[in-house]
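Per Swiss-Prot, these features apply:
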CARBOHYD  113  N-linked glycosylation site
CARBOHYD  186  N-linked glycosylation site
CARBOHYD  339  N-linked glycosylation site
SIGNAL    1-38  signal peptide
């Protein structure tokens, strides 16, 4: 069977390695640097919807139910939706002389509270929702349906949960033809590659971390032994306030920044193949092996938070604070059962 063009090219590159010039090690560094200079300063966001989404909207209004507690999800450190002290039915009626009173995990809520406010119409609003504010909230409503009728009482319960975006990151693996495994040139190349990748995603408030780097001798099919570097690295998003540039708005979502970083890194490795394919001189001793870049999308929750599509169907990809009776001690995905846990956001089972 006739070999494909990429296979023929790779075999040609391997034969050319034997004739590599003494300057080839320096050439690969220059090659990588040139690729970074060729990379565009910005790449458009993916058109697909982000894996995470915000439930917190200032315009949203949530009504209660007389039959069961209503779940409310508020992103950590963000403003909450308006939690109304009425049912959907009462919202469409006039209420005469209504009186509202809210109680939370720390007792009665007064309108003068700086973090949790009760509006003149009885709505509960949080300006900067903290983890410790998660819990059961109860509203007591007194009203008359009409002036002539007697006072009626209604009690509505809400369970308000803090939630956060998952700790998304991409894990990449890539292979390079290498110098002998005991060569210092491999170590030098590794450092340079990480510097270039880090610079590539710096303006996106993302960081590159090397997870593993190994050198192995590989027996090729119908060929001899060759040295290869196996790189495993991750790309994760930083808090926007920790990045080099201020960021605000919808474009700052970690999933969007990571998608853009992924595109830049994939383009960087593709350009290495393109540049090597156009070279007339012998190949450098260390170079990327076409087709070996692999990527896996990984998400984790912060300690004290977890995902549960059955318990939180309205926020399936959110890391919701662990309820009493559960905990998450590490950056796992789910809250685990712990009967001795009595608080929201438990990070240990004591």
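Heads up, residue numbers simply count up from 1 along the chain you see.
Cβ coordinates are placed from backbone N, Cα and C, and glycine is handled just like the others.
The C-beta environment of residue 339 (N-linked glycosylation site), restricted to residues of the same chain at least 6 apart in sequence and closer than 8 Å, consists of 325. Around the Cβ of residue 186 (N-linked glycosylation site), the same chain contributes 178, 179, 215, 229, 286, each under 8 angstroms and 6 or more positions distant in sequence.
According to its DSSP assignment, residue 339 (N-linked glycosylation site) is coil.
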